[in-house]
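Q: Attaching a single structure in structure tokens format; questions to follow.
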Amino acid sequence: MSDDYRETDPTRQPEDMGEGSLRPETLADFTGQKASRENLAIFIEAARARNEALDHVLLHGPPGLGKTTLAQIVARELGVGFRATSGPVIQRAGDLAAILTNLQPRDVLFIDEIHRLQPAIEEVLYPAMEDFQLDLIIGEGPAARSVRIDLAPFTLVAATTRAGLLATPLRDRFGIPLRLVFYTPEELRAIVSRGALKLGMRLTDDGAEEIARRSRGTPRIAGRLLRRVRDFALVSKHAVVDRALADAALGRLEVDERGLDAMDRRYLKRIAEHHHGGPVGVETLAAGLAEARDTLEDVIEPYLIQEGLVLRTARGRMLGEAGWRHLGLTPPASQVDLLSSLEQDDSAP
């Protein structure tokens, strides 16, 4: 079994042991995702009142929005053990069986990237999730026999950026599906301000606002930018980080006012300059940018589409009006007509 499987005490996670994690540790400390957070609090309280394992939870949405953090918080709030692994490292049914049989009653098992589980391993997971039982084949050929193993009741918390890739039988076994969405600038400003306190930084309100505004609606990016701005402040001997210093540091990092980095701008320019604004297939874009298709779909595109900079159509990707404006370019007449026709299609009943 892979060494990437981890057992942890929910009150002391590996991320807490360094310089000071920026992760919140309780639902009360968790900023954003209001509806999902409030519903999860109710489900956790109900499970504790019944002294039962919480129903299985599926967390899906773009990367960096707090899926792993929420999984850890669920274990803390329930007061149970937390076990973590990921889909790609579970190579055999025996690996999964070893993990499941070592769980204590009501423990939380976190599987990241669950969409990358092999189909044969998914089949083993079905009875484990539904009946807390494992059906394993022991031996080979005529001597093979089926063995059923009873498991302690547990909660599977799974995370994925590609919920559509999950097999329907697997997806349907999650009683609590929660979609995480991009954070508002106000939520990110609160996250950045709290992170600055944990890092011992003196950060002005407008400095926090500047970092939040360029964080693409994503706490993970906000935390990364906050740490890099701190580095610039330290080396330049600034005791206080204000908007001007944050702006200068983020400019050095090539993060523009909308939070787009050099790769995002390459993506937009590729569509504009090489494909006349699109539509263009994602495979063609991936080849032209020398990036994996998954990188475009999971990392680059979600925020660009959310902001209207890019449109995803049946014929491929197109630059939206906001994308042309961001590049400081004027769309050709053919693109203006095409964008107008798409708007009319969207407004049709």
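Glycine is no exception: its Cβ is also placed from the backbone N, Cα and C atoms.
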Q: Of Arg213, Arg214, Arg216, Arg220, which one shares the ATP site with Leu22, Arg23, Gly64, Lys67, Thr68, Thr69, Glu130, Asp131, Phe132, Arg173, Tyr183 in Swiss-Prot?
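A: Candidate in the recorded ATP site: Arg220.
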Q: Let me spell it out: for each of the binding-site residues (Phe132, Tyr183), count the other Cβ atoms within 10 Å of that residue's Cβ, using every protein chain shown. Which one has the most?
A: Tyr183
Q: For a quick check of packing: other C-beta atoms within 10 Å of the C-beta of Arg317 (DNA binding site), how many?
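A: Its Cβ shell of radius 10 Å holds 26 other Cβ atoms.
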Q: Between C-alpha atoms, which of these binding-site residues comes nearest to Tyr183 (ATP binding site): Arg293, Arg312, Arg317?
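A: Nearest in space to Tyr183 (ATP binding site), counting only the binding-site residues, is Arg312.
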Q: Can you list the residues of the same chain, besides Arg293, Arg312, Arg317, whose Cβ falls within 8 Å of the DNA site's Cβ centroid?
A: Gly281, Val282, Leu285, Leu296, Glu297, Glu301, Val310, Gly316
Q: Where does Arg293 (DNA binding site) sit in the DSSP three-state scheme?
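A: In the DSSP reduction, Arg293 (DNA binding site) maps to helix.
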Q: Between the binding-site residues Arg293, Arg312, Arg317, which lies closest to Gly64 (ATP binding site), Cα to Cα?
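A: Closest by Cα distance to Gly64 (ATP binding site) among the binding-site residues Arg293, Arg312, Arg317: Arg293.
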